[in-house]
Every structure is written in C-alpha cells, then in structure tokens.
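First up is the structure itself, then whatever we jot down about it.
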Amino acid sequence: MFQTNTGQTLKQKHPKVKVLDPDIDYSKAKSVHSISSWWGIGGIFIVLFVGNITNYTNSHLPDGLRNSHLTHFPNAFIAERAWKDLKILNDFGPKPTGTYTNEVLAVDFLNREISYIDQLKNRNQQLMVQNQIVSGGYVGVYMNKSAANVYRNVQNVVVKLVGRSEVTTRHALLLNCHFDSVAGSPGASDDSGSCAVMLEILRVLSRQSEVNRYSIIFLFNGAEETPLQASHGFITKHPWAADVRAFINLESAGSGGKEMLFQSGPKHPWLIEAYAKAVPYPYAQAAAEEIFQSGVIPSDTDFRVFRDVGRIPGMDFAHTANGYRYHTRYDSIDYIPLSVLQRTGDNILALTRTIANGDELGSTERYAQGYMVFYDFLGLFFVSYSADVGLMINLSVVLLSIIIPFLSLARSTSGTHGKQIRSETMIGFLATFLGAGASGVLCFFIGLQLDAIGRAMSWYSSTNLILGIYCCPALLCQCIVHLLCNRLFGSKSTPLSLALKVQARLNGVNLFWGMITLGITFTGYRLAYIFMVLILCSLCSSTLISMLGLQNTVHKWLLIHMFFQIVALAWSTQFYHILMNMFVPITGRIGSSINPDVIVGTLATFTTLFSCSYLTPLLFLLKKTDKLIGELVAITLIALVLASSTHVGFPYRDDAVRAPAVQRHYITHTVRKFYDYNGGERYTDSGFLLQELDRNAKKTIEGIAMPDVVTPMREIRSCEKELFCAIPFYSIWHQVLFENYWLPGPAPVVRQAVTVSLREKEQLSEHEHRLHLVLKGSFQSSLIIGPKAGSTLKRWSLLSEIPTPIEFNGQRGHFVLLTAGVESEPMNITLDIRHELKKYDGPLVDLLVTTTHWEYHKEHTPVFNRLLARVPGWAHVVPSVAAVNSYTF
C-alpha cells in the first residue's frame, strides 16, 4: 500500500503503474526505508570508532631489533645499536652551533664512531672520511623577510662509502642529517636521532660483502639550526659535492613517531618510484609537500639548500608527531623508543640500497620527466602516478561519480522522473555548500568568543576537546542546514521513494566535492587526490548498487553505501589526525597576532565536512532526528563548559603524565651600549627582553615580571631614535614578527662580545664612500646595517648580493646573521655607501651588532636566576645573555 498526496489510501496496486515507494507502514506513518532514530547516534560512534583505528595506525610502529637479533638478521638495521649512539649525543645536552658540546664533543664522537665502523667493515668496502671546516654565506628569504646568512668555520663530518663505479663514474647518493640543536634542547629527534640512524646504516652497509653500485656520501652537518649553513658550505665548497646526483634528507618537526616523506624532487619521478619499490612502511603525502612549500608551516630544512643551490633532486623526511616537544627540553631520548629508530632505519636503509644500486643515479636528468602524485593509505599500501595521469583520473572519477548515480536512479524510475532526481541532487549540493559555509561561520564565532573570554587554546593539551568545541558544532550546523534546505526546497509531493531521494541528495554531495576536485586539479595542485579518493568511494558504492539493482530496496543499498563509507572514513579521518598533530603544536609558536582558535576551528570544520558529508544526508532516513540533534547539542555544550570554565581547558601541562605540552618563552638578559659618531659612549642601559610566542604568553610574561611592569617592544624609549629600537634580535625572521616586551634591570655578566671598529674611511667618488670595518669576536651574532637618510648601501664584502632592506619601527635596515663554529680570526668588512650629496663628510650609517650567548647558565646573575625561577613548570624557557652595541660611522 502507499499513500497518495491527498492522503487517500490505495488498497491495490495497478499492474501498469511504476510504484516507487510501496512500503508505507500506516500505523507509524513512516516509510519502511526509514531507520531507527538511534542510528543517528550510532553513526557518530562509527565515525569515532574509525577515527580511533586511524589514530592507532598513524602511531603504530614496528618492534625494534636488538643486538641479540644479529644472528638471524646480519644485514638488518639494528635499532639498539642506533639507540646507543643516540644516547651519547643526547647526553651531551643542547648543542647550538659554536658551543663546546657541538664543535668538540659531538664532532669527536662522530669521528670516533666512524673510525670504529671503518675498523670493522668488510674487506671489500672502502671508507673515506673528511672533516670540513667551512665559511661562506647566502641571502635567504623566509616569511617574506630577506636577510644575509653568513657563517664562519662551521663543521661537517663527511663519509664516503665508495661504490663500484667510483673509478669510472663518481656519481653518488647523499644522506644528510644535522647534529647541532637549538639552545635548551638535547635535540634527540631534531636531529640526533637521524644521525644515529645514518651511523647504523653506514655500519650495516659497510659490513656487507657486496659493494654498492654507486658511492654513498654521509653528511653529518653541524649548523642547520642557524639556519641551513653547514649544508650550504658542503654543497658549495666540498669537493665531493659535485659527485652528488640525488639526496635523502632526514629531519624532524616533532619528537618521535613515523617519518613522513613530505618533499620530493622537484620533478624526478623516479625517486617516488624507488620509494614505492623499496620502503616496507610507507608514510607519504604529496599534499604535505604542497602545504609545506606554501610557507604556512614556520620551518625549513636542508632540502631547500640542496634543491635551490645544489640543483640536486632528493627526498625530505621528517618526524612530525608530538610537535609539543620540538625545540624544547623534552626533545630527549626519554621519548624516543627503539621502534621509532627501527621504522626509520628500515625504510631509509631499503631506500638507500635501492637508489645506490639503480640505473637512475647514473643519469638522473634522463628521468626528470614531471611531477608525481603520491600517497599511502593508512600505511597499508602506497599509490603513485604522474600528475598527467592524475588529471585524467580526477576528471574521470568526478564525471562518473555524478553520471552513474543519476543514470542509475533514472533507470530505477523507468526514466520518468529525471527532473525530480535532478532537483533532489541540486538540493543535496546546495545543502552541502551552505552547510560548509554556515559551519565555518559558527566555528569562527566560537573561536572569537573563546579568545574574547581569555580561553584561547583550551584544546592545546587536551586535543579531544576539539571534537566537542568545533567538530560537533560543525556537524550540527551541517545537519540543520540539510533539514532547512529540505523544508525550504524539498517537494512534499515528490514521487520518489525515500531511498531514491536520499541517494539523489548523496549525488549532490558528489557534485560538491567534484567541483572542488576539478577546481584544484585545473589550478595545477596535486593535492586534489585527497578529494578524488573520497569521491571514488562513493562511485564504487553507487556503481555496485546500480549493478545489483538495489536502488529502491529496503536498506540493502544503505549497507553497501555504509561499507564503502567505512573506507572513506578511514581515508578522511587519517587527515584529521595528520592536520591536528601538525598544526595544534604549531599554534604554540606562531606569536600572538593570529587567533589560533580560528586556525583550529577552520581545520575542524573542513575535516568534519570531509569525513561526514556522505553521512549527513542519511539523517532523512531517521524516523526522528531529535536524538541526533540533541546529542550533538549536549556534546557541544559540555565541551564548551569544560573549555571555558574548568581546568580541563587549561592549555598547558608539564611532564607529570609524560605528555608535556608546554608554553614557550625566550628571555634574554641584555646590556646595551650606544656610541656616537666620534666613538664616545652616549649611554648604557640593561634589562630583559621577553618574547611572546603564543596567544596566551602575555599573561604569563606579566606574571613573571610582577611586581614590575613590562613595556611592549615598540614603546620602549630607545625606539624613539635608535636603529630597530636597539632590540637584541638574534633572528629577524622570528623576533620582528612577534611582540616582545622589555623589563628594565641590572646588567648581565658578558665577558666577551662582538665589537665593530672603523679602520678606514675611503672616498671612492664624489658620491661614494667605502667604510673599512673590523669585526672582532667569534660568537653567535647579528648585524643590522641602517644607512642614514640620503645614504644607500650599494656593495659590501660579505656576499655578492645585498638582501632587501627590512622595515621595522618606521626604519629600514639590512639584516645579517653571523654564525661562528670553531673560533675564528677578526673579520674585515667593507661597505660601499652612496650619499646623495657630493663629497659628504658626515655620518653615513648606523650599525647595530648583537652578541647572543646560549647555554650561558654559569654566568647568569642572581637577578636573572630569580626571574627564571618565576617561569611556571608547564612552560619551557630558553634563557640567553646578549650584548648590544650601537655605532654610527
């Protein structure tokens, strides 16, 4: 029986009439296509269950091999041996470039361990070792800021495992890690763990009897954090650099977990093919490459130097899990189990063997034939194909995903209701589109309100709150929009059955994601595959439903749809974990000018839509939607209360449960001396510079300074007339972008500092002058060169090019980062300055030199130690001592 639009009941079916919805239960006035209201809540649990599975697969690691396994696996990577190497490097403590731990202890250990490897190698193998001490520089552009990056006497330990082709073709594969670390961090993951992996790979390969086809160069570089200096010194000045035809760079942006392949090439698809062939545990996303290279992640690696300066293709790997520990005291071996080293070692060893013995390394340019789309599915298998093939795949999947469901539904109605099917499809598209926009607006509003009441980043250490604060409201909003669109645009007299109507709405979802996929594809981005795979799951289900003729069955089509949606959920929720694991910790180091709740809310909105868009139209199958809506409202309210009114929403935590999520601080005890044009001292002052690294840092800084009051950087007295406020900038890319605060205080103990003196002033022409300066002191320092009004810096002896001036506090200056490794002699610098007046004989330039002493704890004054003692236990502070000298020449 079925009910007509006028409420009349037909007792009998006419044999010639196409009956679309014959199964109405009049005792309940509901179509039998309906399902229990509890399935709405069940759907949420399905999403959470699949999300937990993908979270497990994202973090699952293989067991680490120990020395006892050598008998059975003589040519395998042994994690226990690598772990022992890592422990030695870790126990040295922080290793900033220029410190004793980095330049002496770490270098001596590497040389000693390589010597042991050399003694125990197979007699068929040949090792060559060189210690490189190199000076140089380059102009770097990062976050739209240009600066000169100059280094002196930084160190590299370079090892070549000689291949069979060395006599005829000296082509080689390069493996790179860095053993230096940032101040305040042992750098176990970033990047000593990679160096331990490389030592073990060298150990394994050197003990095999068969010699590799091509040589393998192992570069242990000692100045990456400064940034990227030792790799630049190798690729531009080491004699072996000309032999390198490809590279593998090992890095970290977190602490432990899986190593992700997140950059490859450029071009050279054979590298991805080698990865697909070799690695036992794939974890790679082309989308990560495009996101990283967009600049939204505030990090960089040696990959840039090898690619841009060396013009060498390669692959970039990084551990990204637990970014909270990145560049903190918690990046230690305590959080690096054997399994992390085993997984990375197995993958990189297999990849190294494949590349070093393949044909491509002999003539890499022959194989530089375009870009690759690549991705893994939960680490179970790896997929790769060319970007051209990707375009055809994306186009085919999108078109078929729209055409096949439409033809299938039309066939099920004998072609008589195509208009109604098109109408329902457009309603599904409109509801998905408007739901996406509305949920984004709602999450944006929630983010603004949490920030306004002082509860920003409440999810920082309790990331499950994101599900309640943002994901639930996003899903709630999308459901409500679908219901409203149904009420406003849906036809109450449609001849389509409930099953057909819902399937047509799902086709509207296909249309929504299809337009996004094609839009991204035709703009040239490879990450369109993310949406293509989602659509492919829907295409598979609709094709199977059509083949079996189940379009208008009771629930059978739904079972097939849900089966493929489980696969789609596994695909989509893994991106939720990838994005949140990456970007949530990053919000703790992006400064205070950006509301991090907006970032996380936007990601949550997107991932919710991505995961649930093919489930949301199913709510029309529910006999009642109130249970689903009520549960989403309840979860949202509970999460908001926890975030805004309880300790659960406190963003930070210490190491009490071995899951630290700290707030970051840099505090610099500073003395400043100002000299006039004649070399006389104008005045001296001192104090503390406190850097604001996240949205909540200002409150902590004010608490540390109490009962004194801090002054915002741009409001201190020296900003009125001194170059760049005479702030002790150690990195223009970080400090000029963040807010800093000044707290006056007594002077620190600074026994040595970089000084600049004028040796000679030379008149080159009527308008041009040459200043001969002498820089004394071999420490980490920076120069800011600010030409006076009417003056322009035309040339200098530091580099062949001059960086674009940086604007700060209404002034313009050229920034130079000076890094010293092994102690060096005084440095002569010439500046050629043009003045608009002829034969001008007055001041031409202001020069600010900052010396920063890291790991200077023994020289901290009692006042500084008392200030540091006020830093909360859930915060990580990097203390330093700086001397600023301001000159006019």
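Using the three backbone atoms N, Cα and C, a Cβ is placed for every residue, glycine included.
Here is what TrEMBL records for this protein:
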| type | residues | note |
| --- | --- | --- |
| DOMAIN | 156-351 | domain 'Peptidase M28' |
| DOMAIN | 426-642 | domain 'Endoplasmic reticulum metallopeptidase 1/1-A TM' |
| DOMAIN | 660-887 | domain 'Endoplasmic reticulum metallopeptidase 1-like C-terminal' |
| TRANSMEM | 37-56 | transmembrane segment |
| TRANSMEM | 391-409 | transmembrane segment |
| TRANSMEM | 429-450 | transmembrane segment |
| TRANSMEM | 465-485 | transmembrane segment |
| TRANSMEM | 506-523 | transmembrane segment |
| TRANSMEM | 529-550 | transmembrane segment |
| TRANSMEM | 557-578 | transmembrane segment |
| TRANSMEM | 598-621 | transmembrane segment |
| TRANSMEM | 628-650 | transmembrane segment |
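The transmembrane segment (429-450) and the transmembrane segment (465-485) are in contact, since at least 3 Cβ pairs between them lie under 8 Å (pairs 6 or more apart in sequence). Here the transmembrane segment (529-550) lies next to the transmembrane segment (391-409) in space: the count of CB pairs under 8 Å, restricted to residues six or more apart, reaches at least 3. The transmembrane segment (598-621) is in contact with the transmembrane segment (465-485), judged by 3+ CB-CB distances under 8 Å for residue pairs 6 or more apart in sequence.
When each of 37-56, 391-409, 465-485, 506-523, 628-650 is checked for Cβ pairs under 8 Å to the transmembrane segment (557-578), 37-56 comes out on top. Contact count against the transmembrane segment (37-56) (Cβ pairs under 8 Å) is highest for 628-650, out of 465-485, 506-523, 628-650. Same-chain residues lying 6+ beyond the ends of the transmembrane segment (465-485) with a Cβ under 8 Å from its Cβ atoms: 48, 427, 430-432, 434-436, 438-440, 442-443, 446-447, 450, 458-459, 505, 580, 584, 600-601, 604-605, 607-609, 612-613, 616-617, 619-620, 625, 628-629, 632-633, 635-636, 638-640, 642-643, 648-649.
This prediction places the mean pLDDT of the domain 'Endoplasmic reticulum metallopeptidase 1-like C-terminal' (660-887) at 94.
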